[in-house]
Amino acid sequence: MKKIAVLTSGGDAPGMNAAVRAVVRKAMYYDIEVYGVYQGYQGLINNNIKKMERGTVGDKIQRGGTFLQSARCPEFKDPEVRKQAIANLNNLGIEGLVVIGGDGSYRGAQRLNEEGIKTIGIPGTIDNDINGTDFTIGFDTALNTIVEAIDKIRDTASSHERTFIVEVMGRDAGDLALWSGLAGGAETVLCPEHRKDVKVIADKIQQGIERGKKHSIIVVAEGVMTGEECGQELKKYINVDTRISVLGHMQRGGSPSGMDRVLASRLGGYAVELLMNDETGLAVGIQNNSLSKTKFEDIFTSVHHLDEKMYELSNELSI
C-alpha cells in the first residue's frame, strides 16, 4: 500500500488530533503517503483532500478538537454520493482510509469498504458507547472535565445547602454519568440503561436530610431527561432548593488527557499496521489493555452494555 487517507467524522472528541498524528507518522515511517480529508465525509464528497507532511501534525498531540474538522453528512448514505467520494480517492491513488469517529462514522466506513476502499475505524467519541473497545478516544478527558465541574459545583452546593442536578452527555449510553458520578461522589446517577423513578431519588435525598446531610449532587445523562425536567419532577415529591447545571459542549473540548493521548497513539499506529497487512473492514480498540480488532458487522450487531458491577458500587457508595 502506497497511499492512505485519514478523516475525522461525527462529534469531535479530545484526542482525535493525537490519533491523526499517529496515523500520519506511522505511515510515513514506512514510506506511505498520507492524505488528510478535511470536514469528514463531506470533505470526501467535495474533494477537500490534501497531502500531509510530517510537520502537518507537529504540535497537534496536545490540542483538543480535530484540526481536520468534522461535519455531519447524512447524504453519504446515498450510493451515488459515495461514488463521487470513491472517485475522488481513486483519482489520487489512495488505497486505504482510516476513519476516526463513532457509530455513524463506522457505518460510512463499512459502506466504503464494501464498495472497494479498504477501511479501518478508530473509536473517537466522548460517550464511550462503541462496541469492540473498553474505552473510546475522548472519554477520559470528558470524564475529567465533568469531575472537575462536579467538584466545583459541590463547593457552592455545600455553601448554600442546595441540591444540584448536573446534566451530562450520553444519549443512549450512561458511561459518562456513571463514571463521573462515582468519581465525583454523587448521591444519585441517572443512566439511560437504568431509569430510576424520581420519587425514589426524592426519598433518598429526604433520608439524607434526616441524617443531617446539607446538600446533594445528582448526575443525569441527557438521554434520560434534561436537568430541568429532573428538577421539576423532584419538586413534586420533596421541598429542596435545586439548581441545574448543564455542562453541554464543554465536555467535548479541552486538551486531551495523557490517557487519551496514549490510547489515540496506540490505536492510530495499529490502524496503519492493519492496512499494511491488507486487513480491512475492521475497527480497532483496546480490550484488557491489549490492542484488538473487530469486524464492523460484529460491532453493529452487538449492544453496548453499562458496567453493572460499577453501577451497583455507585449505589452502594452513595448512601
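Quick reminder: no glycine exception, Cβ is built from N, Cα and C everywhere.
Features as listed in Swiss-Prot:
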- GLY11, ARG72, CYS73, GLY102, ASP103, GLY104, SER105: ATP binding site (BINDING)
- ARG21, ALA22, VAL23, VAL24, ARG25, ARG154, GLY185, ALA186, GLU187, ARG211, LYS213, LYS214, HIS215: ADP binding site (BINDING)
- ASP103: Mg(2+) binding site (BINDING)
- THR125, ILE126, ASP127, ARG162, MET169, GLY170, ARG171, GLU222, ARG243, HIS249, MET250, GLN251, ARG252: substrate binding site (BINDING)
- ASP127: active site, proton acceptor (ACT_SITE)
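The two recorded residues, HIS215 (ADP binding site) and ARG72 (ATP binding site), have Cα atoms 41 Å apart. Residue density at MET169 (substrate binding site): 23 other Cβ atoms are found within 10 A of its Cβ, drawing on all protein chains shown. There are 14 other Cβ atoms within 10 Å of the Cβ belonging to LYS213 (ADP binding site). Maximum C-alpha to C-alpha distance over the listed ATP-binding residues GLY11, ARG72, CYS73, GLY102, ASP103, GLY104, SER105 is 13 Å.
For the binding-site residues ASP127, GLU187, the largest tally of other C-beta atoms within 10 A is found at ASP127.
Among the binding-site residues GLY11, ARG72, GLY102, GLU187, the ones whose Cα is located within 10 Å of the Cα of ARG252 (substrate binding site) are GLY11. Taking CA atoms as the reference points, ARG25 (ADP binding site) and GLY11 (ATP binding site) are 24 Å apart. Put simply, of the binding-site residues GLY102, GLY104, SER105, GLY185, the one whose Cα is nearest the Cα of ASP127 (substrate binding site) is GLY102. In this structure, the CA atom of GLY104 (ATP binding site) is 11 Å away from the CA atom of THR125 (substrate binding site). Taking the Cβ of ARG25 (ADP binding site) as centre and 10 Å as the limit, one finds 19 other Cβ atoms among all the protein chains shown. Annotation for the binding-site residues GLY102, GLY185: lowest Cβ count within 10 Å of the residue's own Cβ, GLY185. Shown in sequence order, SER9, GLY10, GLY101, GLY108 are the same-chain residues outside GLY11, ARG72, CYS73, GLY102, ASP103, GLY104, SER105 whose Cβ sits within 8 Å of the Cβ centre of the ATP site. A sphere of 10 angstroms centred on the C-beta of ARG72 (ATP binding site) encloses 13 other C-beta atoms. Site extent for ADP: the farthest pair of Cα atoms among ARG21, ALA22, VAL23, VAL24, ARG25, ARG154, GLY185, ALA186, GLU187, ARG211, LYS213, LYS214, HIS215 sits 58 Å apart. ARG72 (ATP binding site) has THR125 as its nearest neighbour among the binding-site residues THR125, GLY185, GLU187, LYS213, MET250, going by CA to CA distance.
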